[in-house]
Amino acid sequence: MDSESTSIRPLNPHSDIELTTLEQQRSDISLSSEQPGASVNVQELPPVDEGRKAWIFCLSGLLLETMVWGFGFSYGIFQAYYTSHPPFDKASHIAVAAVGPTALAIEYGAGIFLAFVYGRYPDHMKKSMWFGLVLNSMSLILSSFVNQVWLLIALQGVGLGIAGSLLYWPVIFLVSEWFVQRKGLASGIIFAGSGIGGFIFPLIVNALMDSLGHRWTLRILAAIQAVFGGIALVGVCPRIPPIKYRRGQRRPQFIPPRLQFFSRKVFWTFATTTFLQAMSYFPVSLYIAVFTATISSPLSATIVLSMFNSSGVVGQILIGYLSDRFPYPWIMFGSTMGSAIAAFLLWGFADTLARVFAFAIIFGGLSGGFSSVTFAAATDAANPNPEQAGMAASAATLGKGIAAVMGPIISGVLLEAGKSVSSGPYGKFGFGPVEIFVGSCAIAGSMSSLAVLATRPRP
């Protein structure tokens, strides 16, 4: 290796450098650029794709994913309770329905902003996660005391969304440090937390609110999340020690000067596909419990929502595993096309609880597992700058945050319109327009997946 390739330069986290150089500069050798006589501190990094620390990070990320998204995806249970019990039963149902999607939109949409923040302040990432955990618990506790919907939106919506962002996105940004060859599997395991939490939380929330009401439910959940979130944060740490900046030392620009993935066609086709897939997913996650309650009991609605969320566990792990071994655009195509067929046929003709269960499991597995291809697509978009893969993933996910709000709103309008039209064997209880909308967005996503295939770089 020649001397030029081994020379040590001040690190800019946004510069176009290879991962090996990043490791050498940030960890293997620590030098003070402002002190000529600085000592050299050689450190041995934990192995990539294996080892105790890598899998502890993965399991800790799984636990945080369970806490953040499991609670968020259980808002349908809160919504049903809020609209039928004081003090929110007289409030606008649209305003109450906005609480959950507000949190989800912030959690998905804050990624690119946090990527810029952590690029400039990498040494403050762990501190921000602890702050997010405190904010998470405080938002839930304060929500338990409010009696007005706008305060509920501010606390259980905005406050919880900011807290969830601070807990979730650092894990996404650090996955690429711990996993390379097994990145798809690791991300699938981490993302499976949303399905696990989506299965557990609706059951817990329903049981607590039936016996204690929503106020004590929120307080108990705040304590649970504080304990398990604190345990998870112990295991979430960077593989490569972050640069420690001294006061007055120049930091990287807040917005990096060269974000080349924005000029890559594969990034835009993947971002479009992510948006379309999310437009089909979120209406189902919000309204599947409402639909089930019209056929059966509220308990059945809770079970169906839990099954819908938990089926994503299998889908996320399986799709993550497959994305390490096969071209991910074809996996995206299969996920979205299968979701479309399930929406058009299984949900469209559902008139019994058994058919709703079948739809929830199939759609939840196929659509819920879609996010496991994110790292593979982001890596393609970021090449030849692998250190920008996290930014590419967060930028593509911004559309998912928009869809988390748009999808349920459009579906709510379509549902009101559908209720005014008599329904036949297709589209029971006025849900026909919603089912067609969901299936159409999934079909559009499958076509967009082929565009990803056409624009991705050839190996």
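The backbone N, Cα and C atoms fix where each Cβ goes, glycine too.
Sequence-distant contacts of the transmembrane segment (54-82) (same chain, six or more residues past either end, CB-CB distance under 8 Å): 46-48, 88-89, 91, 96-97, 99-100, 103-104, 107, 136, 152, 156, 160, 164, 167-168, 171, 174-175, 178-179, 186, 189-194, 196-202, 205-206, 209, 214, 221, 225, 228-229, 231-237, 239, 285-290, 293, 298, 301-302, 305, 309. Look at TrEMBL and you will find 54-82 (among others) tagged as transmembrane segment.
Positions annotated as domain 'Major facilitator superfamily (MFS) profile' by TrEMBL: 58-457. In this model, the domain 'Major facilitator superfamily (MFS) profile' (58-457) carries an average pLDDT of 89.
Here TrEMBL flags 94-118 (among others) as transmembrane segment.
Within the same chain, residues 67, 82, 87-88, 91-92, 95-96, 98-99, 102, 159-160, 162-167, 214-219, 221-223, 225-226, 229-230, 233 sit at least 6 positions outside the transmembrane segment (130-153) and bring their C-beta atoms closer than 8 Å to a C-beta of that stretch. Annotation source TrEMBL lists transmembrane segment at 130-153 (among others).
Among the features that TrEMBL reports, transmembrane segment is placed at 159-180 (among others).
Sequence annotations record features per position, and here TrEMBL assigns transmembrane segment to 187-208 (among others).
Sequence-remote contacts of a segment are chain residues at least 6 beyond its ends whose Cβ falls under 8 Å from one of its Cβ atoms, and for the transmembrane segment (220-240) they are 22-23, 26-27, 45-46, 48, 53-54, 56-57, 59-61, 63-64, 66-67, 71, 122, 125-126, 129-130, 133, 136-138, 140-141, 144, 167, 170-171, 174, 177-178, 204-205, 208, 212. The transmembrane segment annotation in TrEMBL covers 220-240 (among others).
Here the transmembrane segment (286-308) has long-range neighbours at 74-77, 79-80, 97, 100-101, 198-200, 202-203, 206, 347, 350-353, 356-357, 360-361, 363-364, 368, 408, 411, 415, 428-429, 431, 434, meaning same-chain residues at least 6 beyond its ends whose C-beta is under 8 angstroms from one of its own. Summarising the annotation, TrEMBL assigns transmembrane segment to 286-308 (among others).
Remote same-chain residues near the transmembrane segment (328-350) are listed as 273, 276-277, 280-281, 284, 291, 295, 315, 319, 322, 356, 358-359, 362-363, 366-367, 369-370, 373, 376-377, 425-428, 431-432, 435-436, 438-440, 442-443, 445-446, 449-450, 452-453, 456 (criterion: CB distance under 8 Å, separation of at least six residues from the stretch ends). Annotation source TrEMBL lists transmembrane segment at 328-350 (among others).
If you look up TrEMBL, you'll see 356-378 (among others) marked as transmembrane segment.
Marked as transmembrane segment by TrEMBL: 434-454 (among others).
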Against which stretches of its own chain does the transmembrane segment (434-454) lie, if we need a Cβ under 8 Å and a gap of at least six residues from its ends?
266, 269-270, 272-273, 276-277, 279-280, 283-284, 287, 327-330, 332-333, 336-337, 339-341, 343-344, 347-348, 367, 377, 407, 410-411, 414-415, 418, 427
